[in-house]
Amino acid sequence: MSLLAFIFLLALLPAGSAKSKHPPKATSNPVFGPRQVYGVVGASTVVKCFYPPTSVNRHDRKYWCRQSGRSCMTVVSTSGYVASAFKGRISLTDYPEAENFQINISSLAPTDAGTYQCGVGDNGRGLSHKVTLNVSQDPNVPEAAELFYVKLHSTWTVTCSFGSEFSSLRKYLCKMDGGDCHDIVDNIEEDDVIDEDFRGRVLLSNERSPGSFSIMMTQMDWEDAGLYHCGAGEYGKNGKSKELDVFIYEDKNFPQMKSTVTAKNGSSATFECLYEPLKKSSTRIWAKWKPNKYTRIIDNTGYVKPQYEGRVAMFENSNNRTVTIILNQLKDEDKGYYWCITNELKDQQSSAELKVIEGKPQLTGKKEVEAQVGSRVDLTCSYTCAYYSYEKYWCKWSPSGCSMMPASDLRQPGPEATCNTSNRTVILSFDSVTEEDAGWYWCGVKQNGLFGETMAVKLSVTAGRDAKHNPELLDVDAPSQAEFPNHVEPGPGPRGGAYSDSEVRSGAAPGSSDQSHGSNTLALVLGPVGALLLIIVTAFVIVKYRQMKRSDLVSIGSYRTNISMSDFESVKDYSASNSTCVKESQETAIRGDEFITTTDTPESAAEAKKAKRSSKEDADLAYSTFLLTSGSIAQGGSRGDSTALDVSPPQDQV
């Protein structure tokens, strides 16, 4: 039994090896043309053959030869040769830009029927395609299949028109498999895609002309080559159909785009679209595929679907002639197929499937930030060691793209730095944020010019509230009316600390807040100290006053004596006043340089009587004065005001 199994494996190995050594026929024989050509006797026919657009092929010899056994005799070539039997009725024209050449044969005869080859280079070297020419007397010849020469991984586009009489019938595309035509897509089924192998990469759309529709098929692969039929009605039963012959060839200069993109929930996905060349007139659209239609998400004209604001951006890369689309803030409902569409170069349209899986993004940070105008804002973005060597960036999102902004990476510089010891954070800072700074900002990574993962942050900026409407900064009561010293004019407060009436703006700058706290602390310290000193001084004055109540020391010249105050009861020359208005003044010279200034006023008698008050009255007066002075000092400290004492001499004393 084991021997039989071993023999079976040996039998399979050559087949597998042969399969690996021999790629599809399209790669080994890339010249393509019609399988069969039909003509009527006496009429003419045209044969079109395609070849790969390489520089060698463009300049190489093209030929049309008639097969006879193992050899192929040249009928016509670009070298100028024409077989005698076809002189005057055959021509070969090369169209290098269109990647094909055409053979025109007129005055067809029954003897022209047979097997031919169209090729590039020398006859029988392999770069050729076999064509069967049928010539008949019946004018009702079958319609030849329409040829499509399609690059590997590119997009195939075809339009089928059958007239208004077929507009109400089912539209479909099927592929020949033996004697049957296997349905791929139609416009009747609710899901419209019948073959799961074509889900997300085929689209059937009605054209403006009744009875006409178009089909686009992306990511063309080797298995997609073959005969197709597009039609109206049911194939082989009713309606009308058209044969389509699709040939796949490989162009090594044609880049291969990813057909599947996998990303984590909450992270971002990057798609690439090929637009070669990047023409300014081209409309580039990125859309989500749906059965029988697609939903446009973003294009190069500045359009962004409202639901995708701040989530999607388009970047053009002229170096590799691609357009990169990034979609972030991924959700489960973002799963599906996305298409790159253009109004030019239809073969460069492409599609990719997005798969969203569970996982943690490798870029993290606060997704929503709020700030007031004028404040400092830092947008932070932390990355894992997987992105340690990547280039990091911040950009401001807009419908037309994402403008790069200067940012700082906090990673430790120097060769000794490692990922584990570095602060893996990229910061975008605003020293004084404005309302214009509000919007979406992206933090992202890229390597070798290719964009990678991104994280979106929404910055909201609110206008700073006026000072007179926000008394949140102070908790103490302030006077209802601000008072200023007589010699100070009121002026505007500092920016961020302006005040009006009893309110202070809560949006004050940090420096203003610190200064306010410092002033309050100083007032709290000096207030009790000053009050204590005032109490001590007042007590001292009261004691001295009680000692000197009945006796005062008076100096007259060099003579010092105690004179009773009662001796001066009738003297009108004594007075004490802080009034600035004095009616009369007398000066008595004592030793020439000392003066006692007395005022002769009606209040003199009253002032003299004050000296006779009892000790209790004096103490009450001193205590009242202390309370009044203490209240004034406290009030002055809270307002920052001061009372000016006028001690200027009377106007009549010069």
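For all residues, glycine too, the Cβ spot is worked out from N, Cα and C.
What TrEMBL annotates here:
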- 606-618: compositional bias 'Basic and acidic residues' (COMPBIAS)
- 24-134: domain 'Ig-like' (DOMAIN)
- 255-357: domain 'Ig-like' (DOMAIN)
- 361-460: domain 'Ig-like' (DOMAIN)
- 478-518: region 'Disordered' (REGION)
- 599-618: region 'Disordered' (REGION)
- 632-654: region 'Disordered' (REGION)
- 1-18: signal peptide (SIGNAL)
- 522-543: transmembrane segment (TRANSMEM)
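Sorting the domain 'Ig-like' (255-357) by DSSP state (H, G, I as helix; E, B as strand; all else coil) yields 9 helix, 55 strand, 39 coil.
For the domain 'Ig-like' (361-460), the DSSP counts in helix, strand and coil order read 6 helix, 55 strand, 39 coil. Secondary structure counts, DSSP: the domain 'Ig-like' (24-134) has 18 helix, 53 strand, 40 coil. For the domain 'Ig-like' (361-460), the mean pLDDT of the prediction comes to 91.
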